[in-house]
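Student: Handing you a structure now.
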Amino acid sequence: MKESLLAKSVRIAAVVAAYWTISISLVFLNKYLLSSPDIKLDAPLFVTWYQCVVTVICLFFLSLLGDRYPWIDTFPAFHIKLSVAKQVLPLSAVFVGMITFNNLCLKNLGVSFYNVGRSLTTVFNVICTYVILGQSTSYKAVICCAVIIGGFLMGVDQEGSSGKISYSGVLFGVLASLCVSLNAIYTKKFIPAVDNNIWRLQLYNNFNACFLFLPLMALLGEIGEVAHFPNLSSAYFWLMMTIGGVFGIAIGYITGLQIKVTSPLTHNISGTAKACVQTIMSVSYFHETKTALWWLSNAMVLGGSMAYTRVRHSEMKKAHTIQASKDDKALQEDGQTKV
């Protein structure tokens, strides 16, 4: 039976609302876990490691549910091959860098400035695509990147003028942006090793991360920090940590669902709008006062990102049309030759 327009609209609205709720909640929850005076645990790698452990456990139970309930067909059977885990290890190393620098950025920067601190992902996408894949970018896309860079620099300047900036947090944000770009590129390279299943790839990435984090935590002294943590036996602490891990896998699922019920373009626009609302919520919640130039820097970053999305979508659509036209012409010529 064909779905009515009203039912389809309600379903899309529900998915987008769920994406916004989970994404914004995850950012605020991670900020709370990483730098709240209530928690007082200076072990960001441990927090990130635990979320990876929770993700692996969640994928295990979701695979069991998938066997029992056929409508849950997104999650593959839980099976780990050490040969495959070793094969995707380079990608897992980039994945560890991505989530580590992301959380370190959030720990050292306010939620309101977090989007600006992480805004260079698009710029690194263009750079890495050219350097690694040898693919050039149109001048329109480069202009969009220039706007993003301008917004980033203005934001850093304005945040610095307020005396609240952490330049280490900015550096972590830049490194996180680089790792996000590298992760996207290497995902395409390694996903065939897991039968092109993004959830199986997430399983192997998080499985490898559980072990890759251990020497890093030992090197930075976080194991001792956790061992002497006064709230280690607190049920509330572990509840918040576990919720953070569950939300981590939930955002992956709801992101894929939002793309499925809308489109990649709509998903990116939704993400940009969500970032704007998240910034306003943070400024309001923490009672922050920002200058007009600070708001302008955010607008430049968000506007440049949205414009880049539109430009790339238009270019991909045009390239697809040209390729389809060439294929049709080739088929016609082939048919005439056979006649």
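In case you wondered, yes, glycine gets a Cβ from its N, Cα and C as well.
Small disclaimer: the values here were computed from a predicted structure and weren't measured.
For 325-339, the entry in Swiss-Prot reads compositional bias 'Basic and acidic residues'. The annotation region 'Disordered' is assigned in Swiss-Prot to 319-339. If you look up Swiss-Prot, you'll see 9-29, 45-65, 82-102, 111-133, 136-156, 165-185, 209-229, 237-257 marked as transmembrane segment, on the strength of sequence analysis.
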Student: Against which stretches of its own chain does the transmembrane segment (45-65) lie, if we need a Cβ under 8 Å and a gap of at least six residues from its ends?
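Tutor: Tertiary neighbours of the transmembrane segment (45-65) are 30, 33-34, 72, 75-78, 99-100, 103, 199, 202-203, 206-207, 209-210, 213-214, 216-217, 220, 222-223, 225-226, 241-242, 244-246, 248-249.
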Student: Any residues 6+ beyond the ends of the transmembrane segment (136-156) with a Cβ under 8 Å from its own?
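Tutor: Contacts of the transmembrane segment (136-156) (Cβ under 8 Å, skipping residues fewer than 6 from its ends): 113, 116-117, 119-120, 122-123, 126, 129-130, 165, 170, 293-294, 296-305, 307-308, 311-312, 315.
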Student: Please figure out which one of 9-29, 82-102, 111-133, 237-257 racks up the most CB pairs under 8 Å against the transmembrane segment (165-185).
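Tutor: Between the candidates 9-29, 82-102, 111-133, 237-257, the best contact partner of the transmembrane segment (165-185) is 111-133.
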Student: So, taking each listed stretch (9-29, 82-102, 209-229) in turn and counting its Cβ pairs to the transmembrane segment (237-257) that are under 8 angstroms, which one gives the highest count?
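Tutor: Looking only at 9-29, 82-102, 209-229, the most contacts with the transmembrane segment (237-257) come from 9-29.
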Student: Where else in the chain does the transmembrane segment (82-102) make close Cβ contacts, counting only residues six or more beyond its ends and a cut-off under 8 Å?
Tutor: 44-45, 48, 51-52, 118, 172-173, 175-176, 179-180, 182-183, 186-187, 189-190, 193-194, 201, 204-205, 207-209, 212-213, 216
